[in-house]
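Enquirer: Here it is: the structure, laid out below.
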Amino acid sequence: MNAPVLVINCGSSSIKYALIDSDPQAPRLAGLAERLGSSDARLKGKNSAGESFTQPLPNADHAEALNAILQRLEGRVPGAVGHRIVHGGEHFTQAALVDDSVIEAIETTAALAPLHNPANLAGIAATRKVFPELPQVAVFDTAFHQTLPPRAYRYALPEALYTEHGIRRYGFHGTSHAFVSQRAGELSSRGAGGWLTAHLGNGCSTAAVWNNQSLDTSMGLTPLEGLVMGTRSGDVDPGLHAHLHRQLGWSVDEIDNVLNKQSGLLGLSGLTNDMREVEDQAMAGHPGAKLALDVFCYRIAKSLAALSCALPTLDGVIFTGGIGENSPIVRREVLALLPHFGFSLDEAANEATIRGKEGKLDSAGHSGPEVWVIPTDEEGRIAMETRHCVETPE
Ligand code: ADP
């Protein structure tokens with residue numbers, strides 16, 4: 001298929017899109033329709049000349065926004081549409097060509113991702129209406145982690161909670177962990193091997209990848225487990241919920257809201273969920289920001305050390321996501337907490353590898369596990385999987 005792929009990431013009130021050519025170097029048309037359903041709904045993006053535009057779309061719904069996006073594709077006709085779907089449960093181990101049975105299976109997993117899957121499905125429905133003739137492919141955040149062995153995905157809970165209700169660890173950010181670990185395998189002389197990946201953005205997760213297969217990851221049943229994130233707590237004592245309910249009278253929804261929206265960097269710093277600001281304030285001596293940075297880095301190091309148990313050999317660590325790609329401070333602090341792993345960071349390379357640069361950060365002549373920064377490309381990976389799925393249907 002030579003035609004470009006339209007990648008769609010549909011939220012409850014937004015649609016992120018990118019038109020991606022089969023030549024990965026070709027420029028992309030990309031943008032975001034946001035605040036859908038409200039009077040200040042709008043479409044923002046860039047054209048092929050790199051010029052930004054903002055188009056008001058008052059009260060537009062998803063289908064109207066897709067029609068507006070279609071007008072922004074500058075006459076280029078997509079050959080397929082790739083949808084980012086958050087939760088594929090145990091049903092989907094890879095991308096799937098959308099038909100009624102696939103939609104039904106995504107609907108059944110909606111209980112596991114009540115905020116995300118229904119929005120993703122609304123995106124598929126609207127896209128089918130606007131592009132009835134195009135093949136649609138569902139690409140799942142969870143699919144890459146379906147290779148986890150039971151010892152990594154099972155919680156120590158009564159079996160029926162797993163067998164009857166699907167309570168297990170699923171993991172997320174799969175397209176990102178898959179993309180960066182595969183890229184490291186291509187760039188490094190060590191090949192596919194054993195890689196620890198750290199996707200550090202607003203959401204954060206780590207993964208242990210062996211021979212292009214995920215063997216463990218820090219997120220679990222939901223994207224709340226694991227690392228400290230922008231506004232998410234990551235791991236807390238499982239007894240916390242009962243404690244907050246009994247002692248403070250908080251409802252399940254209140255607890256959920258605090259752990260998802262008011263915790264993480266924001267909760268610890270008392271300032272912001274934005275790592276740039278946390279770093280600036282920490283440098284200026286703000287105690288909350290210093291603590292937030294400290295806890296954030298310590299928890300990443302602890303998670304990487306724990307996940308190393310999943311790998312037969314350790315070939316290196318990969319940093320990606322907005323923070324992983326841009327923060328020499330976080331990379332330095334994390335690696336300083338792992339002295340026994342034998343990493344050797346070249347400070348100049350660490351400082352210089354920012355703003356979308358890809359590179360190895362090792363000191364010259366170092367032979368231990370490698371340190372890489374690889375800018376993630378979730379959209380590119382979704383386009384690649386979509387193309388593959390359309391060209392080689394099962
Ligand atoms: P998302 O998970 O929403 O895709 P990103 O991957 O873009 O988010 O990551 C956003 C995070 O990256 C924010 O915390 C932001 O502060 C951080 N970030 C971006 N640039 C820098 C930088 N130069 N230094 C430190 N953190 C940065």
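We count from 1, first residue shown onward.
Backbone N, Cα and C define each Cβ position, glycine as well.
No curator has checked TrEMBL annotations; they are predicted automatically.
If you look up TrEMBL, you'll see N9, E378 marked as Mg(2+) binding site. The ATP binding site annotation in TrEMBL covers K16, H199, L200, G201, N202, G203, D274, M275, R276, G322, I323, G324, E325, N326. Per TrEMBL, substrate binding site is recorded for R84. What TrEMBL lists as active site, proton donor/acceptor is D141. What TrEMBL lists as site 'Transition state stabilizer' is H173, R232.
Describe the structural surroundings of these features, if you would.
Expert: Under the three-state DSSP scheme, E378 (Mg(2+) binding site) falls in the helix class.
Sequence-distant neighbours of E325 (ATP binding site) (same chain, 6+ residues apart, CB-CB distance under 8 A): F319, I354, R355, G356, V373, P375, T376.
On its own chain, R84 (substrate binding site) has V7, I8, N9, C10, N120, V139, D141, T175, E378, I382 as residues at least 6 apart in sequence with a Cβ closer than 8 Å to its own Cβ. Secondary structure at R84 (substrate binding site), as computed by DSSP, is strand.
Cβ contacts within 10 Å of D141 (active site, proton donor/acceptor), excluding its own Cβ and spanning all protein chains shown: 25.
Sequence-distant contacts of H173 (site 'Transition state stabilizer'), defined as residues of its own chain at least six apart whose C-beta falls under 8 angstroms from its C-beta, comprise D141, H199, G203, S205, A207, T217, M219. The secondary structure of H173 (site 'Transition state stabilizer'), as reduced to three states from DSSP, is coil rather than helix or strand.
Sequence-distant contacts (6 or more apart, same chain, Cβ under 8 Å) of R232 (site 'Transition state stabilizer') comprise G203, P223, L224, L259, N260, K261, S263, G264.
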Enquirer: Listed recorded positions are N9, K16, R84, D141, L200, E378; which sit with C-beta under 6 angstroms of ligand 1?
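Expert: Once distances to ligand 1 are taken from each Cβ, none falls under 6 Å.
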Enquirer: Enumerate same-chain residues with a sequence separation of six or more from K16 (ATP binding site) and a Cβ-Cβ distance below 8 A; give 'none' if the list is empty.
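Expert: In sequence order, the residues whose Cβ lies under 8 Å from that of K16 (ATP binding site) (at least 6 apart) are I8, N9, C10, A30, G31, L32.
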Enquirer: I'd like the number of other C-beta atoms within 10 A of the C-beta of D274 (ATP binding site), please.
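Expert: Counting Cβ neighbours of D274 (ATP binding site) within 10 Å gives 16.
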Enquirer: Could you give the maximum C-alpha to C-alpha distance in Å for the residues K16, H199, L200, G201, N202, G203, D274, M275, R276, G322, I323, G324, E325, N326 that bind ATP per the record?
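Expert: Output for ATP binders K16, H199, L200, G201, N202, G203, D274, M275, R276, G322, I323, G324, E325, N326: max Cα distance 24 Å.
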Enquirer: In this structure, which of the binding-site residues N9, N202 has the fewest other Cβ atoms within 10 Å of its Cβ?
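Expert: Counting other Cβ atoms within 10 Å of each of the binding-site residues N9, N202, the minimum falls on N202.
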Enquirer: Please report the DSSP secondary structure of D274 (ATP binding site), reduced to three states.
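Expert: Looking at the DSSP assignment, D274 (ATP binding site) belongs to neither helix nor strand, so coil.
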